[in-house]
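A.B. asks: What TrEMBL records for B:4-348 is domain 'Aminotransferase class V'. The L-glutamate binding site annotation in TrEMBL covers B:42. The annotation pyridoxal 5'-phosphate binding site is assigned in TrEMBL to B:76, B:77, B:102, B:152, B:172, B:195, B:237, B:238. For B:196, the entry in TrEMBL reads N6-(pyridoxal phosphate)lysine.
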């Protein structure tokens, strides 16, 4: 068995110790004689797994006691609908920031339920910048303010938290949650599909301040009613138990490496190495405003796009996979989430330098 | 490692060869150097896994070409909302049959979206019967007719398919899909949470006739819009990839043992053995009308409920777990889905006979 360095934007690489542990547990978790995926979600064994995962997440993010943590199904895309359904609470207007592909999807879905005011857009820069906060045109009666702290396709990331005042701040952290410390108390609601920094696809985290619960519109599917799920501890229906368990293993792994400050430092180093390799070269280009560059998703182009195919082929041969850029952007994209080892970034940089020397 | 016989109602036992294969593949699927859960859902490797799973399911159930198969998130409970949202198509009335706990949940959720007519209820028999078809009071303009072919809590099962005429027939087959051959062409829509006969929790199958697509109400979350998901081959958002892969392994296992006719025969034998043990005893009782007994979930009570705790304790010691009945019914419940080996039923029967001899 040879493991590759997998730069997929998601579903993405998982920590190898997590996979090894999952392999070990597969037919018999902790002497129970069954796989985690065979356990009743209401049984003692699974409830202990679920509670431990939540506690570890609370420890990592220092989540205040007045926030509920929900382990749901449906992905961030499900939340694009669930958020207005739950948070409008009698209002009709919502504020959204548009920083790229995922913002746009969130906006399109919210329009089914609310009058969406786009407070700022990075369209003028082709989504290579984050619009400065002082230019945001916020509505006067918005139910909440929504933004996307990291855009996986454009490769832009907020390195600051908007100040939303009394209006609940809502963030799609699917692609950068747990990449470093976070002041959860600044937010009304944080949500994240699991398949980048948490675990396998099919699990969605929602961290929601408890004063925002209980106002879902009547047509909200019960699985998306935060109040219903909070009361049932995310088990108003059968939760995605195996994904929840794997998320728990990832949280344990994060604690073992030293928590989010250490993770933050590693992520900073990884991103710096890769951007430096791009910036020091006339052959590779990253189009993003330096202040808005993502630490998770690094898109770059080759000076000669005709070499794209060869780059990808040779990278693959070198054990560096899933580097093709999103079809809407072209070129390459290296996603370097928490679970991408620093050695993977080193190997990519080494390959890039070598490829440039041979082909440029 | 000692595996137990796990009689959980769901999440439930999986075939051991499936778990062994998953263990083997955990860090490296088929020489790709990555786990299935690390793969991009749009990459060649995962698309081949997804397509093979769908094809195997189509083969097993002989699904006609004019039916779409969707691999979704949200569980059957999510579908309780998605079904009226998609299938009302301008109508306001829907027909539901009430045969127990799951019927009631489906009805309660449908009431958010539609005027629900309960065509028949088994309440008079405390849900130990299936109401005879000739007494059903069907509405004149129902968008569809919904029923629950198997109730996991009451342990009742339809052994016939209602004749719904031109009205689309909709069935929650979460707990008995793939337990035997099925004439899919009789249905407008079949849905099933995976965690009994398909795979791990977090995956929901929807098999829908294609003339029923395209009429979702405007407020339908896009992940629940069948037309959107059908066009995107269940990838309008990131699907639960690992659960999809495991479902595929279960489908392959079913094909290897000879398909659904063979499975049907095995399930018939397993259920007969267990009901016979109950019926031949004055100590154990199953309250369900013989013609309506479930082949998947077998509830039974002890003549002396004070022995319940001892029964469960000794069963556990004998490697027979998760036999406690649902709190609403009491007593015991043995769920004997496809993946419960016949030897597990034999072991349970042997234990029951021995317990009765010693304690009755």
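Note: Cβ is positioned from N, Cα and C throughout, glycine not excepted.
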A.B. asks: Going by Cβ pairs closer than 8 Å, show me which of the recorded positions B:42, B:77, B:102, B:172, B:196, B:238 neighbour chain A.
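C.D. replies: Among the recorded positions B:42, B:77, B:102, B:172, B:196, B:238, the ones whose Cβ sits under 8 Å from a Cβ of chain A are B:77, B:238.
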A.B. asks: Report the mean pLDDT of the predicted model across the domain 'Aminotransferase class V' (B:4-348), rounded to a whole number.
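C.D. replies: Mean per-residue confidence for the domain 'Aminotransferase class V' (B:4-348): 97 out of 100.
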A.B. asks: By a 10 A CB contact count over all chains shown, which of the recorded positions listed here is most packed: B:42, B:196?
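C.D. replies: Of the recorded positions B:42, B:196, the highest Cβ count within 10 Å belongs to B:196.
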A.B. asks: Reported as an integer number of Å, what is the Cα distance between residue B:238 (pyridoxal 5'-phosphate binding site) and residue B:42 (L-glutamate binding site)?
C.D. replies: 9
A.B. asks: Which chain-mates of residue B:77 (pyridoxal 5'-phosphate binding site) that are at least 6 residues away have a CB under 8 A from its CB, listed by sequence?
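C.D. replies: In sequence order, B:105, B:109, B:193 meet the Cβ cut-off.
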A.B. asks: To the nearest whole angstrom, state the Cα distance for the pair residue B:42 (L-glutamate binding site) and residue B:195 (pyridoxal 5'-phosphate binding site).
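C.D. replies: Approximately 25 Å lies between the Cα of residue B:42 (L-glutamate binding site) and that of residue B:195 (pyridoxal 5'-phosphate binding site).
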A.B. asks: Please compare the binding-site residues B:152, B:237 by how many other CB atoms fall within 10 Å of each one's CB, and tell me which has the fewest.
C.D. replies: B:237
A.B. asks: Look up residue B:76 (pyridoxal 5'-phosphate binding site) in the DSSP assignment and report helix, strand or coil.
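C.D. replies: Its secondary structure by DSSP: helix.
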A.B. asks: From the Cα of residue B:196 (N6-(pyridoxal phosphate)lysine) across to the Cα of residue B:102 (pyridoxal 5'-phosphate binding site), what is the distance in angstrom?
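C.D. replies: The separation of the Cα atoms works out to 14 Å.
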A.B. asks: By the count of other Cβ atoms within 10 Å, pick out the sparsest of the binding-site residues B:195, B:238.
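C.D. replies: Output over binding-site residues B:195, B:238: least Cβ neighbours within 10 Å is B:238.
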A.B. asks: On a count of neighbouring CB atoms within 10 A, which of the binding-site residues B:102, B:172 is highest?
C.D. replies: B:172
A.B. asks: Any same-chain residues 6+ apart from residue B:76 (pyridoxal 5'-phosphate binding site) with CB under 8 Å of its CB? Would you list them in sequence order, or say none?
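C.D. replies: Listed in sequence order: B:102, B:172, B:174, B:191, B:192, B:193, B:204.
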A.B. asks: Tell me the coarse DSSP state (helix, strand, coil) of residue B:102 (pyridoxal 5'-phosphate binding site).
C.D. replies: helix
A.B. asks: Hey, what's the widest CA-to-CA gap across B:76, B:77, B:102, B:152, B:172, B:195, B:237, B:238, the pyridoxal 5'-phosphate contacts in the record, in Å?
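C.D. replies: Across B:76, B:77, B:102, B:152, B:172, B:195, B:237, B:238, the widest Cα separation comes out at 31 Å.
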